[in-house]
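What TrEMBL says about this one:
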type	residues	note
REGION	A:226-251	region 'Disordered'
DOMAIN	A:270-436	domain 'Helicase ATP-binding'
BINDING	A:CYS497, A:CYS500, A:CYS537, A:CYS540	Zn(2+) 1 binding site
BINDING	A:CYS506, A:CYS509, A:CYS524, A:CYS527	Zn(2+) 2 binding site
Amino acid sequence: MPQTADVLIPLALDTAYSYAVPAGLVLAEGDVVQIPLGPREIAGVVWGVEERASGGSNLRPVTGLIEAPPLSEPLRRLVDWLARYTLAPKGSALAMALRLPDESARTETMRVGVRSSGKPPARPTAARAKALAVAADGVVRGKSTLAKEAGVSLSVVDGLIDDGALEAVALVPEPVALPPDPDFLSTAHLSEAQAEAAKQLNAAFDAGPPSPRTQGESRDDIVVGALSPKGEGEGSSSEKTLPVAPPHHRSARLALDKEGSALSPRAGRGDAHDASRTILLEGVTGSGKTEVYFEAVAECVRRGRQALVLMPEIALTAQFLDRFAARFGVRPATWHSGIGGRRRERLRAGVAAGDVSVVVGARSALFLPFRQLGLIVVDEEHESAYKQEDGVHYHARDMAVVRGKLEGCPVVLASATPSIETRVNAQRGRYGRIVLPERFGGRRLPDITAIDMRLDKPERGRFLAPPMVAAVKKAVADGEQALLFLNRRGYAPLTLCSACGHRYQCRNCSTWLVEHRFRKALVCHHCGYTERKPEACVECGAFDHLTPCGPGVERIAEEAAELFPDKRIIVLSSDFPGGTERLRQELEAVAAGECDIVIGTQLVAKGHNFPHLTLVGVLDADIGLTSGDPRAAERTFQLLQQVTGRAGRGERPGRALVQTFQPDHPVIAALLSGDAERFYEEEIAQRENAGLPPFGRLAALIVSAAEREVAEAHGQAMARVADPPAGIMVLGPAEAPLALIRGRYRFRLLVKTDRAIDIQSYLRDWLGRSPKPRGNVKVAIDVDPQSFL
DNA sequence: AGCACGCCGACT
DNA sequence: GTCGGCGTGCTC
């Protein structure tokens with residue numbers, strides 16, 4: 001019986017295309033196939049197979065099966081889910097999971113090995129005899145290995161191959177990763193609290209459903225950060241204007257749920273099942289979260305399943321890999337954007353075959369074709385680096401929760417400073433929560449003291465307050481390391497001409513240009529626009545009147561160099577001269593203690609540990625509190641908590657000094673009191689009081705039209721008509737700060753929502769009914785539920 | 001993603 | 001007169 005295959009193509013296409021399956025080829029869902037598309041041939045994945053007695057003869061045939069790991073059922077469902085949630089075309093979502101070997105991989109030379117063929121060489125020589133003596137054991141070696149071992153040159157080996165005494169064989173590539181040993185280190189090194197936490201964590205392995213793959217139908221109900229339903233009783237007022245969702249669309253059930261909040265299909269139903277399977281592992285810096293989740297990884301490996309540890313890319317350091325090796329005997333397989341070519345493909349294959357049992361990777365590792373995934377850990381779950389902002393917009397932490405659900409495996413979200421949404425999910429019982437309250441080894445958290453800048457003013461033209469100077473002086477005099485933290489790159493955030501008052505501004509954005517003295521340039525930190533620092537004022541032509549206003553790390557370094565001329569000072573920021581590799585080296589050097597005073601931006605708050613650090617000085621704790629970003633408070637708290645937590649990880653206790661103008665601000669007060677709990681409660685309450693969801697949901701709708709008036713009319717009509725269903729808020733162009741009109745009248749509306757999925761049907765319906773002014777309005781929908789909050 | 005088609009400005 | 005910019009549509 002002839003087959004027809006629906007093939008999803010990794011392009012911006014939302015529907016699978018149908019192809020005839022040639023006789024002799026039998027396809028299954030998930031198979032990677034080559035198919036003709038227009039004039040070319042490309043790879044796609046079989047999304048469905050139909051048996052057909054007749055018909056299908058008008059379809060173009062599948063060209064062939066590609067040798068690549070097929071996409072498992074859960075992975076295919078993840079692609080579906082991702083596409084629907086982000087409103088991305090399915091094909092684009094597929095592209096994330098289908099990264100086939102690129103050209104460089106194919107052209108890379110295959111490693112050739114040699115072994116003895118048993119035949120004696122036609123022309124024996126001394127060198128040949130030596131080589132053959134080594135090869136006599138019949139073991140396959142690389143050519144260069146054999147040459148080295150025998151102490152002969154490569155040409156001798158080549159000669160023997162030509163001669164027929166050695167035969168060349170394709171070498172089995174070395175494994176991408178050695179198997180980690182879950183019992184390499186006994187659990188005796190764990191503290192009591194850690195051991196208890198590990199035990200609780202490991203209980204999650206047995207709490208799951210018997211078979212995850214029988215649960216297909218429930219997958220729409222997966223609750224992740226941004227999708228979590230609101231509390232009960234929130235507006236259902238606009239149901240009358242709720243458009244009738246197209247019947248073909250699944251969300252009809254959700255959108256038309258008459259029971260109450262249409263957007264909260266599961267509101268009020270605590271989900272004990274989820275709670276035992278997605279777990280927030282919360283512990284202050286230095287409490288040993290990593291060791292705890294390593295135990296879960298060990299347990300997962302013991303059970304013969306695979307574990308995935310997700311990290312923000314910058315946190316994937318040698319330091320971390322060594323910690324892993326100390327626990328498991330070997331370094332883990334790693335996956336990040338820099339892994340390319342053959343290595344990439346072999347890792348994929350190893351993961352698909354189940355040979356690679358642990359992968360540590362950045363967010364894209366989420367789409368690897370695991371054979372039997374048994375655990376996902378999301379380290380530093382609050383990190384905004386988990387947000388993919390280009391192409392398909394997704395949050396890797398949320399997708400990890402989704403994949404965990406689809407694979408039927410536990411998901412651990414680890415953080416010292418969890419995101420608000422994760423805290424809320426834990427609080428509402430949707431996620432489990434394990435807290436490590438203390439630092440490992442009885443070490444104390446650093447004492448944090450405020451320096452009230454209204455009282456303790458720095459000297460004129462200086463930025464370090466006297467108590468800060470004194471503290472740094474004492475620390476370095478005692479041979480300790482100090483960190484001065486200022487989250488501002490460059491020399492000065494604003495430059496003006498003291499003769500005419502001209503302020504240097506970016507020509508693209510409305511931001512001030514930041515002076516970078518080292519680079520002799522004025523730089524826009526928003527768009528990257530750079531210009532040479534002018535000799536004379538561009539406005540009035542006055543010389544020597546350019547005045548830097550305010551501090552950046554470079555300026556602090558200048559001040560520190562004057563105050564502590566004999567100390568080793570280093571500035572660490574993301575624009576470190578010499579690139580990422582140099583920066584990495586410098587971070588290692590600092591960790592090794594080869595520096596007295598570190599001056600750094602937020603870069604130093606993440607990833608690296610500095611064991612010699614005892615003093616952290618925060619130079620402007622108030623930066624970011626007034627940014628207008630709804631997550632400003634949360635972000636600032638997380639950052640300050642992390643950076644102050646860097647102090648005192650070694651034997652000595654640490655302390656932190658915080659320069660601030662608002663010691664009573666809730667964020668600063670919570671930081672000073674060390675009461676994170678209080679911060680979260682206040683922050684969540686505040687959002688609820690303001691009528692905001694406790695965490696972000698926002699969808700952006702882009703309308704582009706050939707004519708500005710058309711777009712504007714459309715947008716205004718939309719904003720007006722949109723008396724939106726519960727949980728959806730449509731912001732008109734005037735209210736939307738991001739409503740940029742760029743290029744040819746591209747027009748952007750923001751639509752705020754609980755559930756991106758519902759927007760799709762809502763908009764389709766609304767636009768379907770609306771008159772099309774000139775028949776020339778195109779609607780593309782682009783949603784990132786989290787990027788704005 | 002590629003590739004064709006079609007509409008507008010600026011050249012040998 | 002065309003060359004070529006990109007905006008738009010199509011690929012089973």
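Placed from the backbone N, Cα and C atoms, the Cβ positions cover glycine too.
A:CYS524 (Zn(2+) 2 binding site) has a Cβ environment of 19 other Cβ atoms inside 10 Å.
Taking the centre of the Cβ atoms of A:CYS497, A:CYS500, A:CYS537, A:CYS540 as the Zn(2+) 1 site, the nearby residues of that chain (Cβ within 8 Å, site residues left out) are A:SER498, A:ALA499, A:GLY501, A:HIS502, A:VAL538, A:GLU539, A:GLY541, A:ALA542, A:HIS545. On a Cα basis, A:CYS506 (Zn(2+) 2 binding site) lies 18 Å away from A:CYS500 (Zn(2+) 1 binding site). The Cβ of A:CYS537 (Zn(2+) 1 binding site) lies under 8 Å from the Cβ of A:CYS497, A:ALA499, A:CYS500, A:HIS502, A:PHE543, A:HIS545, A:LEU546, each on the same chain and at least six residues away in sequence. On the backbone, the CA of A:CYS524 (Zn(2+) 2 binding site) and the CA of A:CYS540 (Zn(2+) 1 binding site) stand 22 Å apart.
Shown are the binding-site residues A:CYS497, A:CYS500; of these, the residue with the fewest other Cβ atoms within 10 Å is A:CYS500. A:CYS540 (Zn(2+) 1 binding site) carries neither a helix nor a strand DSSP state and counts as coil. A Cα-Cα distance of 18 Å separates A:CYS506 (Zn(2+) 2 binding site) from A:CYS540 (Zn(2+) 1 binding site). Ranked by Cβ neighbours within 10 A across all protein chains shown, the binding-site residues A:CYS506, A:CYS540 are led by A:CYS506. According to its DSSP assignment, A:CYS500 (Zn(2+) 1 binding site) is coil.
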